[in-house]
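Notes follow once the structure below has been shown.
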Amino acid sequence: MASAGSLTARLVAARRHVRHCTGRMGLLIPSSSRASSYRFASSERRKISKVLVANRGEISIRVFRACSELGIRSVAVYSEQDKMHMFRQKADESYLIGAGLEPVAAYLNIPEIIHVAKNNGVDAIHPGYGFLSERSDFAEACERAGIKLIGPRSKTVKQMGDKVAARQAAIAAGVPVVPGTENPITTVAEAKEFVAQHGLPVIFKAAFGGGGRGMRVVRDPDELEENFQRATSEALAAFGNGSMFLEKFIERPRHIEVQILGDSAGNVVHLYERDCSVQRRHQKVVELAPAPRLPVEVRDRITTDAVNLMKYVQYENAGTVEFLLDDKGNHHFIEVNARLQVEHTVTEEVTGIDLVQAQIKIAEGQTLPELGLNQNNIELRGAAIQCRVTTEDPALNFQPDSGRLEVFRSGEGMGIRLDGAATFAGAIISPYYDSLLCKIIAHSHDLPAASAKMSRALREFRVRGVKTNIPFLLNVLDHEKFQDGTIDTYFIDENPSLFQFHPSQNRAGKLLNFLGNLLVNGPVTPLGTHLKPAEIHVKIPTTPLGELGPPGWRNVFLEKGPKEFAKAIRQHKGLLLTDTTMRDAHQSLLATRVRSHDILKISPFVSHRLNNLFSVENWGGATFDVALRFLKECPWERLESMRKEMPHIPFQMLLRGANAVGYTSYPDNVVYKFCDMAVKSGMDIFRIFDSLNYLPNMILGIDAVGKAGGIVEAAISYTGDVSDRSRSKYDLNYYLNLADELVKAGTHILCIKDMAGLLKPEAATILIKALRDRHPDMPIHIHTHDTAGAGIATYLRCADAGADIVDVAVDSMSGMTSQPSMGALVACLQRTPRDTGFRLADVSEYSAFWEQTRTLYAPFECTTTMKSGNADVYMNEIPGGQYTNLQFQAFSLGLGDQFEEIKHAYREANLLLGDVIKVTPSSKVVGDLAQFMVQNKLSADQVLQKAEDLSFPKSVVEFMQGYVGIPHGGFPEPLRSKILKNMPRIEGRPGESMTTFDFSKLEGELKERFNKVDEKDVMSAALYPKVAEEYMEFRDSYGPVDRLDTRIFLVGPKVGEEFEACIERGKTLAFKTLAVADDMTKKGEREVFFELNGQLRSVLIPDKSAEKELTIRPKAKKGDRSQVGAPMPGTVLDVRVKPGDKVSKGDKIVVLSAMKMEMVVQAPDAGTVKEVHVVKDDKLQGGDLIITLE
């Protein structure tokens, strides 16, 4: 036997060797130093060669890694639900357990785990944390089987796992405790008895487990029974035993725990403390080591008590002693966790000790001194923080989320450690287990530095496919109390600012879903024809970089105001031009489908080379509706983006008087607010008209624009023929009288709006000369359509008669139902007194761009059916902007081959309605009636005869009621009376009697349903409620689709195609379409594969063609409070209502369980249960419909 002196020398040398050879986490001494005769050595020493981890997820991988470093083989066990999980692939061997059992039950199946261990030569089992880690019967089973449990002895597990026994041990060891029940309780009566003696608040704790499961704080006696039931149920599900421990709840404590290591020779050391005060639902969220702002004397008292307790119970292996520290510095024992803790990582970082390796070596029989672990050489080095990244949505009360990780990109770098298991793209996050995704540990020289590293790492994370708590963690780290270290367990509850998040944009992921949906289900925007967008890259004319173009007419307006602007127009000698290419031209030729994406490409050219345009007509009218409804883009963003590109040219829009840009009447405050917002967004000239020339509606618009600071251009909608004296309804005096009223109302510019192209050259001379004579100082602006081909002739006569401005479209977007040709008019007026001042070469270059761009919109091309101009417009009087839309509507109704009949019926419908002014929305009324007549094979006479028995289109009924206004000459009788019968009639201006619109209420409703709602979204929803809401829902689902090239947006990419999308300045996404799966999943989804920025990505897209064949649970409609949806994926534990039951707001209706957490679903409002859509044990996905109320 060696002498005492030589043995001591060998121990000292061994410890010295440990410090030199193992680095920060090294604990292992060389085999030559493992003397069996060490003074503290256990009599039982057994080398471990194979370890089974009776757990799952990241803790399993943590143990496997430690085993690998020690040269020990590792074994995983996994449930059926975990067969694709990474942790089993990290082990040297893996075996299925619990076939046919519930997911959690598989990992609680002691006999099978022992069987697997025995059959596969396992020496030792590591229990991890959770599941069986604190089950004494499991420890006993291991001992009986001759398998070493890497943890404390079964006797200690039993004693420490019993909260009452642990309290008794603490009292015996002289450690202060909190008042609590002496034994576990199993009934509500026992809980009530304790409360009667000690008062409230109290806290329920699971007697046989921890981790926050089965914990409930009770402050109200009425909630005692409900919380007892829920805590018991949770504990039973998580630990297999629902017994409860009840103790007095200490207000505002800090949660301090001490890491302990003990060996079989009776040695116990502490590895300092951790602060776990940042908690939610009694579950730790962020852990710190060491505890900040903890006085040295308090630390010493706590660690001394922890060591004394563990020595008293003869504790072996790793464990944690937990305390509550009150605001006076007094500490109270809570419990012992006889296992490794989730947060053991921060202790490893600040001490340099590998706790898992220490556990294994202690289990082999080595002592703490042999491992170089004496209290005096365990030192703190810096500060560490651990954040638990979970798949929970903090915006929805931390509801667990599950599904597939579409993207996982971690934050790494110096001072960052990641412990995870399902951290890769494609990983499936199960709804059956804990929601922990990974643990991030940051270590640095002090808390602020560690916090900065953690914050940086979290911001680098990109997780898509499931919600995470990362936004919440960032708010915690950024909070001044956390940075100061002045936190307690009330920190989260008392700081609502922690729950104010900026939602993740996830633009790339959303675009992938959009593209995948196109490939699986086809176009989102209905296509008018079978033609396909051209596969071309449009050549964009070059312009000087970094310059915004020379000054233009807008500079005059901004410097001098509307009145002086009007004077400057009259003083100008040449004929001024408004370019309609960016609005009315494509409305007329391409069903209003041209996207901002293409308009913005050519805008810099217009700004530089066509800067002397009077205006660019680019907004309002149908473009507002179509942008939201079909193009899935925000019309306000279009306006603001164009203004940035063309700062010096006035913008012009179409304002439908009291109808704003809608098809119905609105409360007056909506129109005023709209105009104000439009001016602030960059609009200058408002062409104000009314579809019936109804003055009260127009005057409201004039007043609204004037108060907003815009330029008022009052427009008289032209119909009939002033050169034909036989047509007396709309004669010259009619127009002159209207002009007088509009000038009197304060218009800055007078416009003749010839929306159907009916203004013949002779009529133009008569009308414009008369207006010029009547109002010599008033600028006159002419708008027409070239449907009959006489547009240029009309404009030349207008110019001669004294008109100041005319509307034109660039050559390749002109003619037919569009405006007359810009190039033709420029050429005709060259070297004349009315020369426009434009260069034909510039117009030609502008036209070339649109000639190519137009081919991208082939599915909406009017020339599919209309090959040339047509003079029959003088008979049917169909407005140019309506002509092509009417064609596409006819196709969608199956009347495409009857368009000639529709044009004839349009004339008859107009006469039936009293020969009205026809422009949106009155033109829509005429068009709807015409298609109704053709579809039902009705002549005008038959409509009159059968009117009382027919179900007319809604627009026709509302027109007759007076919602559009009062037509010149009044409503047609007896048709009106036959259609309306006893229905109400509107007298006077419709908006005048409407209640003031509540924008604040609408904003609140929208923010409850959609992300990033701003003032513009609210206005869009006020004008087009359903359309705007559908757009916002689409935007939240699919992101910035307006950034995609037009062909890709309309019909999707081809397999193998590569393309790009610039989502913001300096950020370009590179896509490549790889494949679409032939087979569907059980849920009716197809997987679509892409490369995104060189990384493989895939999305699962529901195949709409499969919906009829599959039984799919209905979803609760977002925003409909009568439909109650599942707040998270999970299993129905209890249904507490049935059809016919009356419920009050907040009543408990269903109990769900997911990831071992229970949630009570409450009624959002009072009502009656109309239908219950679930039964007990149903498996639900988030949003599945549960209850319908009425």
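Including glycine, each Cβ sits where the backbone N, Cα and C put it.
If you look up TrEMBL, you'll see Arg339 marked as active site. Per TrEMBL, ATP binding site is recorded for Lys163, Glu247, His282. Taken from TrEMBL, the feature domain 'Biotin carboxylation' covers 47-497. Under the heading domain 'ATP-grasp', TrEMBL lists 167-364. If you look up TrEMBL, you'll see 575-844 marked as domain 'Pyruvate carboxyltransferase'. For 1115-1190, the entry in TrEMBL reads domain 'Lipoyl-binding'. As annotated by TrEMBL, N6-biotinyllysine applies to Lys1156.
Here the features listed in TrEMBL are placed on the structure.
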residue : record           : Cβ neighbours (10 Å)
Lys163  : ATP binding site : 26
Glu247  : ATP binding site : 21
His282  : ATP binding site : 18
Arg339  : active site      : 28
Excluding Lys163, Glu247, His282, which residues of the same chain place their Cβ within 8 Å of the centroid of the Cβ atoms of the recorded ATP site? Gly180, Ile203, Phe204, Lys205, Ala206, Met215, Phe245, Leu246, Ile334, Glu335
Along the domain 'ATP-grasp' (167-364), what average pLDDT does this model show? 92
Here's one to test understanding: among the binding-site residues Lys163, Glu247, His282, whose C-alpha is closest in space to the C-alpha of Arg339 (active site)? Lys163
Greatest inter-residue Cα distance in Å for the ATP-binding set Lys163, Glu247, His282: 16
Counting each residue once, how many in the domain 'Lipoyl-binding' (1115-1190) are helix, strand and coil under DSSP? 0 helix, 39 strand, 37 coil
